[in-house]
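To start, the structure itself, in structure tokens.
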Amino acid sequence: MLKAPKTKLGATMTQYPTFALQHARLLYMVRVTIVMGFILLIVRAFDVPYGYWALITAVTILGAIPFVGGVLSKAKQRVLGTIAGGMAGLALFLIPPQYHWIHHFAFFALLIGAMYFTQERYAYAALMAAVTIVIVAGGGPADFEAAGWRIMNVLWAGVVAVLVSLYIFPSRATDQFIFLLEKFLQEFNRYYTQHIEDAKQGIFEPSHADKLNELVDKQQSILPHALKESGINKNVLNSILLIEKRLYAELEALISTQWDAQQGKDEISEMDGLIETQYALSNHFEDLAHQIVNKDVTAMSLEQISILNLSSDTIAHPKGDTRDISYFGYLWLNREMARQFVQLTVVTKKVFAYQ
């Protein structure tokens, strides 16, 4: 059985990723302070006209992108949307001031059109176009110079916010994804160990592994950002998530079934060597969690998992078809979790190889 030092997260992972995970809000506020301070300094030092639009832009950008991957995936859309919205807004100033009602109707039509495309593939670009149209032309048919300064302030402030998000205390979705994987394994081990303890006493009280489902949902939400920023092969992270979903489904079936109401309950409780191999599998999950913390994962093979090597001589053979179903169903769930564990060690090792 593999063993790893059971050290705290902060003492074993790379220093900055650990610090970033533990102090995400603090680092976010540091980035906000740097961006806002720099923009305010430029606006005041050079007396930039309509400089408050630069601050408004920074607030919008920093509030929408928590991860580096989010910056990378949306930076292009943000720039294109700002330029498109700015050009559309500036075009409204070609309308003579005396026809101000035409300006207002055209402004309204452009805004509605931009919002329509927020439901399409490039939704973020369309949203930024709509915001920029409002910023540039929302005040009515004012002078052209004011509109030009507004769009310039939107662009340069957006660049500053993006650069700071990328290079100053960046928040990485990849680190968060790996951290959630470690948490998943810890929670899985906790549920599974509790089930083993209860089963050893002949207790099969149904329960649910809701925490695992929550962790998987969080990983699913940050997966696109992690793929953009890490360079890790898409299939690797997708495989990890798929294996976690399978493990959750199998564990949920195991701990939610009322096995003491099944025909094969006695045979389940009397399986020779089952409890010992279940504990061994539980320890493997715990060890993998610590290896992920240390960023040094050892891929395992099926032959190394004892529950997969129970011989037919050590497995009881219940009599009757109804007993067979529950008995072998219980055994299959445990073994299938072991198989998924082996696959998880293989793909997780690839994550750190890419890094």
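Cβ atoms are placed via backbone N, Cα and C, with glycine included.
Taken straight from TrEMBL:
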- 26-46: transmembrane segment (TRANSMEM)
- 52-72: transmembrane segment (TRANSMEM)
- 79-95: transmembrane segment (TRANSMEM)
- 101-117: transmembrane segment (TRANSMEM)
- 124-142: transmembrane segment (TRANSMEM)
- 148-169: transmembrane segment (TRANSMEM)
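When the stretches 26-46, 79-95, 101-117, 124-142, 148-169 are ranked by Cβ pairs under 8 Å to the transmembrane segment (52-72), first place goes to 148-169. Between the transmembrane segment (148-169) and the transmembrane segment (26-46), the number of CB pairs under 8 angstroms, six or more residues apart, is three or more, so the stretches are in contact.
Proximity of distant same-chain residues to the transmembrane segment (124-142), defined by a Cβ-Cβ separation under 8 Å and at least 6 residues beyond the stretch ends, is recorded for 53, 56-57, 60, 74, 77-78, 80-82, 84-86, 88-90, 92-93, 95, 97, 100, 103-104, 107, 110-111, 114-118, 150-151, 154.
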